[in-house]
């Protein structure tokens, strides 16, 4: 096959995604202090994005080095599973942040740990089921007219995925609106109790709201173009449009470690310790709420 520049760019993106998220996975896995629910969810997100990066690399390698329909189905299934798990993990992190504020008094309990494992099981279970569909026969290899903008996914399969992504975005938007309300209410109560000026109250909430805007804005700008185009496009649509909308979606997996992991002060401590050659799994950590991350 003639080398496609867009496929090269996707492969390079996959390499960067894999390297970034591999660091996060290794840090969380080898640090016993990172066993709190919020770190498990961040680890789930990093694992999903790591698999997405590896899937992009493998897809490029098998398309140009070992062309095979069976292998193509496996790599596409891996990409569907990993990207779906990534989006699902973003939703679980949002739910966890909301509950840490809404049920602040009971958040640090065994119920939270159990709920976290249940959310992870549901997220990865649904993602694996989505990814297995092309492998189990729901593909358009024998019926090209049923293909979507992403071959060999069928139009019906991609519509389900696109609707699921849009539903996740709607749920995240609603939850972050509720988080903003809770944060503003808490900040106002603290300001009244401590007799802060109105400007101080404004400054204390502006940073938090700006952070939530960045999180939602990043997710929307990365995934919404592909989700909308997945609903409107078909196999006859120009391949250029598919690449133009799919590439930003991969950038979400590239930005997730920066937004959710590298900004975390505890993870930063471990990374600095590793860089200085003084890594210790017993480094002291300050317990933080997910809403602080």
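Easy rule for this one: first residue shown is 1, then count along the chain.
Here the Cβ of each residue, glycine as well, is placed from N, Cα and C on the backbone.
Looking at 116-138, 185-207, the range annotated in TrEMBL as transmembrane segment turns out to be 116-138.
Proximity of distant same-chain residues to the transmembrane segment (240-262), defined by a Cβ-Cβ separation under 8 Å and at least 6 residues beyond the stretch ends, is recorded for 6, 9-10, 13-14, 16-17, 20-21, 23-24, 27, 42, 45-46, 48-49, 52-53, 56, 83, 86, 90, 93, 149-150, 214-215, 218-219, 221-223, 225-226, 229, 233, 268, 271, 293.
Listed by sequence, the residues of this chain that lie at least six past the ends of the transmembrane segment (209-228) yet keep a Cβ under 8 A from its Cβ atoms are 87, 90, 161-162, 165-166, 169, 172-173, 176, 179-180, 183-184, 244-246, 248-249, 251-252, 255, 259.
By the Cβ criterion (under 8 Å, sequence separation of 6 or more), the transmembrane segment (158-177) is in contact with the transmembrane segment (72-95), since 3+ such pairs are found.
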